[in-house]
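The region 'Disordered' feature in TrEMBL is assigned to 1-76. Among the features that TrEMBL reports, compositional bias 'Low complexity' is placed at 47-64. Among the features that TrEMBL reports, substrate binding site is placed at Thr138, Asp212, Glu237, Lys267, Asp271. Marked as domain 'S-adenosyl-L-homocysteine hydrolase NAD binding' by TrEMBL: 272-433. Taken from TrEMBL, the feature NAD(+) binding site applies to Gly303, Glu304, Val305, Gly306, Lys307, Gly308, Glu324, Asn427.
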Amino acid sequence: MQNGEEVFDENVGAVSEAPRTKRQIQYPEQTREFDSRLTKTGRRSLSHSISHSSTDSNSSGGSDAENPEDEVSPRDMQQINSKGNMDFCIKNIKLADFGRREIELAEDEMTALMALRKAAQGEKPLAAAKIVGCTHVTAQTAVLFETLKVLGAQCRWAACNIYSTQDEVAAALAEQDFPVFAWKGESEDDFWWCIDRCVNVEGWEPNMILDDGGDMTHWIYKKYPHLFKKVKGIVEESITGIHRLHQLSKAGKLCVPAINVNDSVTKQKFDNLYCCRESILDSLKKTTDIMFGGKQVAICGYGEVGKGCSAALKAMGSVVYVTEIDPICALQACMDGFRLAKLGDVVRHVDMVITCTGNKNVVVREHMDLMKNGCVVCNMGRSNTEIDVNSLQTPELVWQHVRAQVDHIIWPDGKRIVLLAEGRVLNLSSSTVPIYVLSITATTQALALIELFNAPEGRYKQDVYLLPKKLVIFETFNTCFVFFVL
């Protein structure tokens, strides 16, 4: 509870196991606004840490390299591919060949999605579909984009995260005439500008939405609500986006059916668990070079993401505390051998605090005031409001940028905490994630789009649905079959 009001549940497990329509859910204010009349200088005015984020964040040492091209916003550059197409906005089209090799490498591991592409390309189940998307722009998601195109869809894409875009992959997509608007290190204004460029197109209107976090859906509701007259459905991947859809549904404002991919068994049991179990260690190593043995770690939330992170750190010799408000997830943490605690009781002596909930204000300024010197604070959940970063933007605190995705926040007495990726999703901002589990999630998204687009009128009402079990079973069987054959 915050100030006597109910906020997001501080766990992701409860969200996946209980209906969200019976509880009042509050959502963070949408402070990021789009203003097409900003000057070029204003568009390039990034925060002290964002301005360095366009360098390779996978490097584990050194400060951010200086590149004169980084000073020029892609919005201010004339861009054209080898075919004369200019309907895109990326960092550098010259990276296309490099990005194509990365996409081809991802295709080898994304067996389920490639099997779906092969099986359905003749039928073209997405012919006449016009999909506008807002997801991460990486080699793995590029395989999904191109699969949708092979299945007949027209697509326009923006990034859902200002740090996770792989510029070389965006270049490879643009070279193939794929309208993509994304680059690593976008400002907040760039973020909304890119989304607007995907939607506000003369002579082209979307009839499907693929979202990760709900920002594309939010923007269309806010700026172009008339487009929903043609939209047949929304496919949402993240817990934060599902929260927002349930809010719209409860208020009677959800005017199209939506499929909840996040709570699909293929997303929960594979992507959320195994992806995070493997990527949390890599992300922490690449940003902090930290040793895990003997470290005391507080994991906030014991849903599938929390389970994966807890297991990985425990296996490396860390002492793991779990904070959890859902009794079932709390009991699971206890039976898995973790120490249950309230964050306020352990925050003074832990070495790391990791949020894994998708909720709001899980770690607030009062917690950070109590943290010891050198405590690492990061977020593995989808919402960038899990850590109250705004409360750290005060005159008495000094921000010191160390390297890509790493900032020291220094208190007046000299104490400092280490904030990673400005509280955004750590593994997708600072590292890479296992391709195979992403293939399962991407296939779920593709199947959900096919289902909604081809569903007869009346099958789905204006509500939030889980993917039909027959499609989940098909995907699981197909994935296992392909894996066995290989």
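Just so it is clear, glycine is given a Cβ too, placed from its N, Cα and C backbone atoms.
Keep in mind that TrEMBL annotations are predicted by a computer and have not been checked by a curator.
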> Given the substrate binding site residues Thr138, Asp212, Glu237, Lys267, Asp271 in the record, what is the largest Cα to Cα distance, rounded to whole Å?
Replying inline: 18
> Long-range same-chain neighbours of Lys267 (substrate binding site), Cβ under 8 Å, sequence gap at least 6?
Replying inline: Glu237, Val261, Ile440, Thr441, Thr444
>> Counting across all protein chains present, how many other Cβ atoms fall within 10 Å of the Cβ of Thr138 (substrate binding site)?
In response: 24
> Residues with Cβ closer than 8 Å to the Cβ of Gly308 (NAD(+) binding site), same chain and 6+ apart in sequence?
Replying inline: Asn272, Leu273, Tyr274, Cys275, Cys276, Arg277, Glu278, Ile280
> Under 8 Å Cβ-Cβ from Asp212 (substrate binding site), six or more apart in the same chain: what's there?
Replying inline: Cys134, Thr135, His136, Cys160, Glu236, Glu237, Ser238, Gly241, Arg382
>> Within a 10 Å radius of its Cβ, which of these binding-site residues (Gly303, Gly306) has the fewest neighbouring Cβ atoms?
In response: Gly303
> Closest to Thr138 (substrate binding site): which of the binding-site residues Gly303, Val305, Glu324, Asn427, going by Cα position?
Replying inline: Asn427
> Hey, how far is Lys307 (NAD(+) binding site) from Asp271 (substrate binding site), Cα to Cα, in Å?
Replying inline: 12
